[in-house]
Each structure stands twice: as C-alpha cells, then as structure tokens.
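Per Swiss-Prot, the features are:
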- Asp94: active site, proton acceptor (ACT_SITE)
- Asp94, Ser95, Gly96, Gly97, Phe98, Asp148, Gln191, Gly218: substrate binding site (BINDING)
- 249-255: region 'RNA binding' (REGION)
- Asp268: active site, nucleophile (ACT_SITE)
- 273-277: region 'RNA binding' (REGION)
- Cys306, Cys308, Cys311, His337: Zn(2+) binding site (BINDING)
Amino acid sequence: MTAIRYEFIKTCKQTGARLGRVHTPHGSFDTPTFMPVGTLATVKTMSPEELKAMDSGIILSNTYHLWLRPGHEIVREAGGLHKFMNWDRAILTDSGGFQVFSLSDFRRIEEEGVHFRNHLNGDKLFLSPEKAMEIQNALGSDIMMAFDECPPFPATFEYMKKSVERTSRWAERCLKAHERPQDQGLFGIVQGGEFEELRRQSAKDLVSMDFPGYAIGGLSVGEPKDIMNRVLEFTTPLLPDDKPRYLMGVGSPDSLIDGAIRGVDMFDCVLPTRIARNGTCMTSEGRLVVKNAKFARDFGPLDPNCDCYTCKNYSRAYIRHLMKCDETFGIRLTSYHNLHFLLNLMEQVRQAIREDRLGDFREEFFEQYGFNKPNAKNF
C-alpha cells in the first residue's frame with residue numbers, strides 16, 4: 001500500500017482535461033488543484049484556519065529553507081511539519097534542488113550532489129539525493145520530491161542530455177534512500193527542457209522506477225508560454241494515467257487553465273502572495289494594482305464577483321490606504337484575496353470538466369480577464 005493514491009473520476013470530452021482526487025495520509029483533495037506555497041512552514045501572513053476557510057486541501061513547504069532554518073531535526077523533534085505548523089491537511093515538500101540552483105551564486109555539480117553556498121551567510125553546503133531524502137523524511141510531508149538538477153532556460157541539447165541522465169540516476173538514489181514509503185509518497189521529476197527527445201527519455205526512465213506520482217520540472221523558468229504549452233502537450237501523455245501529475249512553479253491564471261487542459265493535476269507558485277505584497281490583485285476582470293491613485297475614493301470591493309473575506313468586508317480605498325501606510329493587514333487582505341481567487345478558479349475548472357465545457361470556460365475567462373488582448377498584461 002503506497003502513501004499516495006490517485007483516483008480518476010472523469011475526462012472532459014471537450015478538452016481531455018482530467019478530474020480526479022488524490023488521497024494522502026492527511027486527507028484527500030480534488031484535482032486539478034492549486035497549492036499555496038508556505039516556504040518557511042507558513043503561507044505568508046495566512047493562518048491555517050484561513051487556508052481551510054478558502055478550501056485549500058494541500059500546501060507546499062520548502063526543504064532547502066527549512067533545512068537552514070530552523071533545521072529539519074528541530075521539525076522532527078516537534079513531531080513533524082504538520083504538528084510544527086498546526087496544519088492537519090496534506091503537505092508537499094520540494095527537494096531543495098530549485099533553490100540550490102537559483103539562490104546560490106556559487107555552485108559545483110558533481111555525481112554525488114551539489115556544492116553551494118548558503119544564501120543567508122555564505123557558508124559552504126552540500127546537498128545530495130540522500131540528504132534531500134533525509135531532510136524530507138524528518139519533515140514528514142505527505143508528498144516529497146526527488147532531488148533533481150534544474151538547468152536554466154535556455155540550455156543546449158548536449159548540456160540538457162547530461163542533466164537528464166544525472167537526474168535519472170539521482171532519482172534512483174532517492175528511491176533507495178527514502179525511509180518512509182508507507183506514509184510519504186515520493187514523486188519523480190521529469191526534466192529535459194524544451195527537447196521532446198529528452199523529455200521522452202526522462203519520462204521513460206522515471207516511469208520504469210514506478211513512483212507514486214510525477215512532476216514536470218524545468219518549466220516556468222523564463223521560457224515563453226507557447227513553449228511551456230508545447231512541452232506539456234508532448235510530456236503529459238508519457239506519464240501514467242493512474243498517477244498524479246504536478247507542474248512545478250506555475251501560478252498565473254491562464255497557465256493553470258492551459259495546464260489543466262493538457263492533463264496536469266497539481267500546480268504551485270509563490271505568485272499570488274508575492275504580488276499581493278506590492279498591491280497587485282487578481283480579479284475576474286483582470287489585474288488590479290490597488291495602490292494606484294484612482295482607487296483612493298473607490299469604496300467598492302477588490303473584485304465585485306468575489307465572495308472572499310476581503311471582498312465581503314473591505315473596500316479598495318481602505319486596502320489602498322493600508323498598503324500606502326505599509327500596514328501588514330493590507331498585505332493579509334490582498335494575500336487572502338489572491339489565494340482565494342486561484343483556489344476558486346480551480347473549483348471553476350473542475351466544474352467545467354464535470355460539465356465537459358472547459359474549452360468554453362477558457363474562452364470566456366480569457367475574454368473577461370483580458371488575456372486575448374494583444375497587449376495583455378500578465379503578472
């Protein structure tokens with residue numbers, strides 16, 4: 001019996017998107033879903049109760065950051081991440097690989113792992129597949145990720161080929177080092193950049209190892225959206241139908257819908273809380289920057305079509321005032337709204353799949369949001 005089980009419910013006849021449910025040791029969640037990111041064992045400014053109120057069934061935490069602060073041994077002593085942060089629903093932890101490759105100025109990759117510098121104090125550190133498993137086993141997440149190499153975009157075919165081969169060898173080492181397969185599901189990560197041949201090789205290698213789920217990595221790293229969609233189109237069919245598929249680091253509304261249409265079940269991104277901190281809000285009518293002067297006397301909600309706590313209780317003028325005065329409550333209100341917006345969007349996506357009309361929903365949403373305009377603004 002594995003810790004993670006995927007239950008397939010139906011396919012959208014119009015698009016091929018999947019409706020499903022993922023079962024974990026800490027409850028189940030419906031898919032496609034968006035996972036709020038709690039990098040340091042907290043979704044910035046949000047309480048667990050607030051996340052539950054917006055119906056979040058799973059959140060993400062970060063292995064690299066929790067290894068550095070407070071240290072995985074302290075989290076283990078606390079009884080694991082769920083107890084430490086008072087969250088009784090599912091948690092996914094990433095492997096730390098992305099942070100090693102994106103945050104550290106110095107890094108040296110070798111077969112054993114990666115030498116790099118701590119981005120906080122410059123200390124030399126070493127992270128290997130075995131260490132990534134040790135940390136995640138101590139954290140006790142429901143879903144943990146294999147340690148992979150995260151090449152930048154663009155990368156040459158030759159470099160990417162070596163990287164994919166190394167990632168496959170590291171994935172095998174992760175499986176061997178994983179000490180808690182009965183209560184923690186380990187996902188493999190398909191790499192290969194924009195190269196179909198390498199994505200095929202990576203998927204073939206990882207599927208042969210029979211992971212309980214699969215992530216599609218190396219996207220949302222600077223490539224244009226049409227390349228991301230093309231890669232998804234040839235990658236998701238390579239993955240088993242009876243396992244969850246997770247697209248890492250994607251959180252803009254258009255990409256969530258386009259990813260679901262291409263067979264993705266799970267998404268995560270810091271985007272909704274990061275942009276909330278500078279007053280940028282996702283609304284049913286497009287991007288809204290609440291700090292703008294034109295909202296100083298606007299006493300309507302951030303989004304007239306939203307029923308979240310923020311929109312039911314506070315005006316654009318009030319939230320603008322809080323943001324201009326650097327009041328933390330303003331960030332809480334915009335963060336709550338953006339997270340609610342994406343979680344609610346995914347519920348709308350699931351409903352559209354149930355009704356076999358996700359293609360129509362995409363057209364309506366893109367038209368209303370303004371994604372169809374030639375100068376459409378993203379986040």
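Every residue, even glycine, has its Cβ placed from backbone N, Cα and C.
Known features from Swiss-Prot, placed on the structure.
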residue : record                   : DSSP class
Ser95   : substrate binding site   : coil
Gln191  : substrate binding site   : coil
Gly218  : substrate binding site   : coil
Asp268  : active site, nucleophile : strand
Cys308  : Zn(2+) binding site      : coil
His337  : Zn(2+) binding site      : helix
> To the nearest whole angstrom, what is the C-alpha distance linking Gly97 (substrate binding site) and His337 (Zn(2+) binding site)?
Replying inline: 30
> Do any residues at least six apart in sequence from Gly218 (substrate binding site), in the same chain, have a Cβ closer than 8 Å to its Cβ, and if so which, in order?
Replying inline: Cys150, Pro151, Phe153, Gln191, Gly192, Gly193
> By CA distance, which of the binding-site residues (Cys306, Cys308, Cys311, His337) lies nearest to Asp148 (substrate binding site)?
Replying inline: His337
> Can you tell me how far the Cα of Phe98 (substrate binding site) sits from the Cα of Asp268 (active site, nucleophile), in Å?
Replying inline: 13
> So how many of the residues in the region 'RNA binding' (273-277) end up helix, strand or coil by DSSP?
Replying inline: 4 helix, 0 strand, 1 coil
> In Å, rounded, how far does the Cα of Cys308 (Zn(2+) binding site) sit from the Cα of Gly96 (substrate binding site)?
Replying inline: 33
> Per DSSP, what is the residue count of the region 'RNA binding' (249-255) in each of helix, strand and coil?
Replying inline: 3 helix, 0 strand, 4 coil
> Can you tell me how far the Cα of Cys306 (Zn(2+) binding site) sits from the Cα of Asp94 (active site, proton acceptor), in Å?
Replying inline: 31
> So which other residues, same chain and not among Asp94, Ser95, Gly96, Gly97, Phe98, Asp148, Gln191, Gly218, have a Cβ within 8 Å of the centroid of the Cβ atoms at the substrate site?
Replying inline: Phe101, Met145, Ala146, Phe147, Glu149, Cys150, Ile189, Gly217, Met248
>> Spatially, which candidate from the recorded positions Asp268, Cys311, His337 is nearest to Ser95 (substrate binding site), comparing Cα atoms?
In response: Asp268
> What is the pLDDT of the region 'RNA binding' (273-277) when averaged and given as a whole number?
Replying inline: 98
>> With Cβ-Cβ distance below 8 Å and at least 6 positions apart along the chain, what are the contacts of Gly96 (substrate binding site)? List them in sequence order.
In response: Asn62, Thr63, Tyr64, Trp67, Leu127, Ala132, Ile135, Phe147
>> Other residues near the Zn(2+) site, CB within 8 A of the CB centroid of Cys306, Cys308, Cys311, His337?
In response: Pro301, Leu302, Asp303, Asp307, Tyr309, Thr310, Lys312, Tyr336, His340, Phe341
> Relative to the Cβ of Cys311 (Zn(2+) binding site), which residues of the same chain, six or more apart in sequence, are found under 8 Å away?
Replying inline: Pro301, Leu302, Asp303, Pro304, His337
> Counting across all protein chains shown, how many other Cβ atoms sit within 10 Å of the Cβ of Cys306 (Zn(2+) binding site)?
Replying inline: 19
